[in-house]
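J.: Straight from Swiss-Prot, here's the annotation block:
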{"type": "ACT_SITE", "residues": "244", "note": "active site"}
{"type": "ACT_SITE", "residues": "278", "note": "active site, nucleophile"}
C-alpha cells in the first residue's frame, strides 16, 4: 500500500501514527497517510524559520525562475496529478485534467511575474529628503488548505508565499492528502531549497491547531468552513491572517435576461466541481414573470451525467466522504420537509450505478423549487449539488433577499439593463459580482468576500497577509 509521509526540511519523514484515505467513488483504500501532531509541526516550523533568511534574501528573479520550473513540472505531470486528485476527491477527471491542475501550474507562473513588480512607495519630502517604504516578507506562514479542489487551492496559497520570499508549512485536509504530497516532492525536484516548503499531513484538531497556534508562525492563510475559521481567528493571537470561509451565493435572473444563457450558466455554477465549491450559485432568484420557465432548469439538471469520476463523460462525480454525503442528503430531506418542491434529483443514491460504484458517495443534481429564503436550505451552506429556486417580484426584493444571508462571497446578475447592474453591484453584499456570466477566474483581481470572509487573494492581494 502507498505510504504518504510528511515533507520536512527536504526529507520524506515517516509518521508515528497513520490513517487511511479512501476513494470516495469506490471505497478503495488509496494510501496510508501520516498523522502529524505537535512534534511534526514544531519540526516543520523550526525548519521553515531556519530557511527563511536565505530564501528571503535570494534575488527575486532567482525565486521566480525556481517557481516557473515548478510550474513546468506540474504541466509535465498533469495526467498523473489529475488522476490522483480524482481518486482522492471524486471530482470528474475532465475537470481535474483540463481545468484544475493546469490552473495550479498557472498560479506559479503568474505569481512569479506579479511579485517582481511589488515595490514600496517613495515620497519626496523636500529637495534633501525622501520617505520610502519597503515590502518585506513576514517570516513563516501557515497554509491550511481545504479538501475541495485541493491541489489548485494549495498552489494558490504556496505560490505568492514563495514569490515574496516567505517560507511555509502547508497542512492539507486529511480528506485529500495525496496531491499535496506530490506538490512537496515536485517543489524539491524544481530546486526549491529544503525547508522553504514543508508539508505536514494530519487532522485539523491536532496538526492544524498546533500549526496556527505556533509562536514562530507569523501569518495564517486558511480556506475552509466558517466554524473552523472562527476558531482559528480566536487562537491565532496577534498573527496576521486571511480567512476564506463559506459561501451561499445568489444568482439574480431578471425577466430581460438571456434565459438560455442564464440557464446554462446557473447549471454550471451550482453543479460543477460536484457542487463542492464556495462560489456555487446555490440560491437562484428568478423574477416571477419568468419563474415558470425555470422548469427547464430541472430538465437540464436531470440530464447532467453522474457516475464514475474517471470517465471523461462524467459531469458530477462522488462527494468527498460518506459523512459529507449524509450532510448533503440530509439537507435535501430537510428542504422537502420545510415545504420546498423537489423538481430533480433527491436525497438517495442513484439506482443505476454499476456494481463497483454502489458504495460510492453519489448524489444526483438536485433542484428544490418554491423555496422560502427563511428556510434552512436557503440560509445554510450545503456544499453539494443542490440548487434552491426562489421567486422575486422586483429589483428591490431581489436585493433584499440576496443580502438576507450570513455569507457574502460571490453573486451573479443576469439582466440587459446596465443601470440596474450598477445599482445592484453597489448594493449587493458580496465580494465579487459577475454579470451575465458564470464564475470566471482572473488572477489579477481580488478573490474574497464580505461578512465572515476576511481575506483577499489574487494579484497583489495575495501578499497582504504575508508581507509587512
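Cβ from N, Cα, C; glycine included.
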J.: Please give me the CB contact count at 10 A for the residue listed as 'active site, nucleophile', counting all chains in the structure.
T.: 26
J.: Give me the Cα-Cα distance between the residue listed as 'active site' and residue 278 (active site, nucleophile), rounded to a whole Å.
T.: 9
J.: Could you tally the C-beta atoms, other than its own, that fall within 10 angstroms of the C-beta of residue 244 (active site)?
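T.: There are 26 of them.
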J.: Tell me, by DSSP, whether the residue listed as 'active site, nucleophile' is helix, strand or coil?
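T.: It is coil.
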J.: For the residue listed as 'active site', which of the three DSSP-derived states applies: helix, strand, or coil?
T.: strand
